[in-house]
Amino acid sequence: LQPSSAQLLWILDIYGFFVAGFLITMGTLGDRIGRRRLLLIGAALFAFASVLAALADTAALLIAARALLGLAGATIAPSTMALIRNMFHDPRQRQFAIGVWIAAFSLGSAIGPLVGGVLLEFFHWGAVFWLNVPVMLLTLALGPRFLPEYRDPDAGHLDLASVLLSLAAVLLTIYGLKQLAEHGAGLASMAALLAGLAVGALFLRRQGHIAYPLLDLRLFAHAPFRAALAAYALAALAMFGVYIFMTQYLQLVLGLSPLQAGLATLPWSLCFVIGSLLSPQLAARWPAARILVVGLSAAAFGFAVLGLGQGLWWLVPATIVMGLGLAPVFTIGNEIIITSAP
C-alpha cells in the first residue's frame, strides 16, 4: 500500500476514534431499536468492513474500512452487555455471565496475536481481517435463534444534537491527547483539548435539560457506580496502555517475531481468563469494594515488578500477576456498572 506517515497514523488510530466516539450513541440506540437488532446490524457491518479491509489496495480504502470497523465495533460491547443485563436477573448468574464475557474477550486477545502472527509469517497482511468474517457470520446465523430481543418501551426519541455533541467531544479530546503525546503541548493539541472539553461541557449541560438524555446524569449520584466506573477506567487505562507498549517492546527491543511475541503474552491472557471465571466465587465471599481494592493492588504490584527489570524473565511473571489482579476489577466493576442502570 505504501502509506504515507500521516496515513499510517490514521490506519492505526481511526478504529479507536470511532469506537470511542460512538459508544454512548450506540448504547442509547440499542434501547430504541432493540439490543439484539443492534448487535446483528453491527455484526453485518463488521463482516462487510473486514472484507473491505482485507481487499483494500490503497491506504485511503484501508482507512475507510477501519473507520467502518470502529463504527461496527461500537455496537457490539453495549448491545451484548445490555443483553446480559436483561437476560440474567439473578446476581450470581449475572456475575458468571459477565465473567464469561470478559473471559471470551481475554481469550480472543490471547489467541488473536498467535493466529495473527502465523498469518503474517506465511500470508498477505490482509489475511488477518478475514478472521473476523466467520465469527460475524456465525453471530448473524445464531443470534436470531438464541438471543431474545429487548428494547426500552420508554426510551423516547434520539436527540441528534446530543449525538453530535458527544461525538465531537470524544473525538476532539482523543485527538488532542494523541497530539499532546506525540508532539508535546503545541497549539494543535491544546486547541483540540480545550475544544473537546468545551463541547463536552455543552453536552453535559444539555443532558440535564432534556427529557430523554443520551447519558443519564442521575447515575453519577450513586456512590457504587462512581467507584466502579473509576476502578474500571483506571484498570482499562493501565492494561491497554501497557499492552500496546509491551507488544512493541517484544518485537522492536527483544527482536521477537509476531508469533513469538504472541506466545509471550499468552500467559497473561490465560490468567486473565482464569481470574474472570473465578470472580463470581470471590464475589460470593468478599464485598465488591474489597475485591476492587485487592485486585487493583495486585495489578499495581505486577506493574511495579515489570518496571524493575528487562527481558522475558521479568515480563511474563509480572504480567501474570497483573492479569490475575485486573480480571476481577473488570468483571465485578462491570456488574456494578450495569446493575446501577434502571
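Glycine residues also receive a Cβ, built from the backbone N, Cα and C atoms like all the rest.
Feature list (source: TrEMBL):
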type     : residues : note
DOMAIN   : 1-342    : domain 'Major facilitator superfamily (MFS) profile'
TRANSMEM : 6-26     : transmembrane segment
TRANSMEM : 38-56    : transmembrane segment
TRANSMEM : 62-84    : transmembrane segment
TRANSMEM : 96-116   : transmembrane segment
TRANSMEM : 122-143  : transmembrane segment
TRANSMEM : 155-177  : transmembrane segment
TRANSMEM : 183-204  : transmembrane segment
TRANSMEM : 225-246  : transmembrane segment
TRANSMEM : 258-279  : transmembrane segment
TRANSMEM : 291-308  : transmembrane segment
TRANSMEM : 314-338  : transmembrane segment
For the transmembrane segment (155-177), sequence-distant contacts whose Cβ falls under 8 Å of one of its Cβ atoms, 6 or more beyond its ends: 16-17, 20-22, 24-25, 28-29, 31-32, 188-197, 199-200, 202-203, 206-207, 210-215
Intrachain residues whose Cβ lies under 8 Å of the transmembrane segment (122-143), provided they are six or more past its termini: 36, 39-40, 43-44, 46-47, 50-51, 53-56, 65, 112, 115-116
Long-range Cβ neighbours of the transmembrane segment (38-56) (under 8 Å; 6 or more residues past either end): 1, 26, 29-30, 62, 64-66, 68-69, 71-76, 78-80, 83, 126-133, 136-137, 139-140, 143-144, 147
Residues from the same chain, set at least six apart from the ends of the transmembrane segment (62-84), whose C-beta lies under 8 A from its own: 1, 3, 7, 10-11, 14-23, 25-27, 29-31, 35-36, 38-39, 41-43, 45-46, 48-50, 52-53, 56, 94, 97-98, 101, 129, 147-148, 150, 334, 338
Positions whose Cβ lies under 8 angstroms from the transmembrane segment (96-116), at least six residues beyond its ends: 80-81, 84, 87-88, 128, 131, 247, 258-259, 261-263, 265-266, 268-270, 272-273, 276-280, 323, 327, 330-331, 334-335, 338
PLDDT averaged over every residue in the domain 'Major facilitator superfamily (MFS) profile' (1-342): 84
